[in-house]
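Engineer: From Swiss-Prot, for reference:
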| type | residues | note |
| --- | --- | --- |
| TRANSMEM | 59-79 | transmembrane segment |
| TRANSMEM | 87-107 | transmembrane segment |
| TRANSMEM | 120-140 | transmembrane segment |
| TRANSMEM | 143-163 | transmembrane segment |
| TRANSMEM | 179-199 | transmembrane segment |
| TRANSMEM | 209-229 | transmembrane segment |
| TRANSMEM | 234-254 | transmembrane segment |
| TRANSMEM | 259-279 | transmembrane segment |
Amino acid sequence: MESNLAGDSIPGPKWRKVAYGGMQIGYDDNYTDESFLEEMVMNANVVRRDLLKVMKDSVSISQYLCIVALVVLVWVHTLESSLDENSLLLLDLSLLASGFLILLLTEEKMLSLSLLLRYLVNISFFTTGLYILAPIYQTLTRSISSDSIWAVTVSLLLLHLFLHDYSGSTIRAPGALKTPNLTSCISVNASIVASVFVASRLPSRLHVFAVMLFSLQVFLFAPLVTYCIKKFNFGLHLLFSFALMGLTLYSIYALHRLFFLVFLSLVLLVNVVCPYWLIRMQEYKFEINGPWDEAKLCFDITD
């Protein structure tokens, strides 16, 4: 009887999966058993994207690229004296009227008569101040060479495009209060400074006023208008974007065929190549989760 008890082995303590508590008797420090990976989850938070949806979302980027390209085309034609002051002022009035019309049609619940009147008063003050400051803008960079002006202008436009909010997350609804983030502020300021540099190379005060008014209308007002169109009807947003692409490509082709090929390649890269590349990269995305992950807060600490 005693010999049988002596022959039986006494089982050791069972291994426990604990993060703290020191070494467990009978097991190495790096020991794991079969139950260690039972709670592992693979690709739990990976979002599987559809190619067509990604291509539709990328249209917003091409749309704004076309808007900036059209602004540059207006600058070029103005510097070459192809557009006079009266044509520019007529273009400014047309853009302002069409922008307000789109806002009235897409945001009729947000826009009231008092808010519209307040906008008109602010625009009148803004336009008056811009006209008064036009002579200062005209002579602001007289002592700087034109090559330096064009180099800085191109750099500022690239910075504007790089930091621009293409998702529309920083755009506020009409009448709403929303603090913009740092990158969107830098993007807008870069576009304004680029407009001032271009306007400083124009021959007359009225030219400067018309170009500055056009540029500021587009850079400050166009993102809100395009965002309202997209929120109102996505199909209308696609139709407007493709029409804008066609107009831009036609205008660039009439100006220079090499620039047309470059811009067409850029549009295809943004709308076709990059979405396809993103979908292909999803195949190699691998994420594992388990009890070893750091704890995450499930509430907003700002509340």
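These residue numbers are counts, starting from 1, taken along the chain as shown.
For all residues, glycine too, the Cβ spot is worked out from N, Cα and C.
What's the neighbourhood like for these features in this structure?
Structural biologist: Within the same chain, residues 88, 91, 157, 160-161, 164, 166-168, 198, 201-202, 207, 211, 214-215, 218-219, 222-223, 226, 230, 237-238, 240-242, 244-245, 247-248, 251-252, 255, 263, 266-267, 270-271 sit at least 6 positions outside the transmembrane segment (59-79) and bring their C-beta atoms closer than 8 Å to a C-beta of that stretch.
Away from its own ends, the transmembrane segment (120-140) comes close to residues 96, 196, 199-200, 202, 204-206, 208-209, 212-213, 216 of its chain (Cβ-Cβ under 8 Å, at least six residues beyond either end).
Beyond the transmembrane segment (179-199), the same-chain residues lying 6 or more positions past its ends with a Cβ under 8 Å from any Cβ of the stretch are 75, 79, 134, 137-138, 140-141, 149, 152-153, 156-157, 159-160, 162-165, 170, 207-208, 211-212, 215-216, 219-220.
Long-range Cβ contacts of the transmembrane segment (209-229) within its own chain (Cβ-Cβ under 8 Å, at least 6 residues beyond either end) map to 60, 63-64, 67, 70-71, 74-75, 78, 85, 88-89, 91-92, 95-96, 99, 102-103, 106-107, 127, 130-131, 134, 137, 160, 164-165, 168, 171, 174, 188, 191-192, 195-196, 198-199, 202, 236-237, 240.
Long-range neighbours of the transmembrane segment (234-254) within the same chain, counting only residues 6 or more positions beyond its ends whose Cβ lies under 8 Å from a Cβ of the stretch, are 56, 59-60, 62-63, 66-67, 69-70, 73, 226, 260, 263-264, 267.
Long-range contacts of the transmembrane segment (259-279) within the same chain: residues 49, 51, 54-55, 58-59, 61-62, 65-66, 69, 245, 248-249, 252-253, each at least 6 residues beyond the stretch ends and with a Cβ under 8 Å from a Cβ of the stretch.
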Engineer: Given a Cβ distance threshold of under 8 angstroms, which distant residues of the chain, six or more beyond its ends, lie next to the transmembrane segment (143-163)?
Structural biologist: 64-65, 68, 72, 183-184, 186-188, 190-191, 193-194, 197-198, 200-201, 219
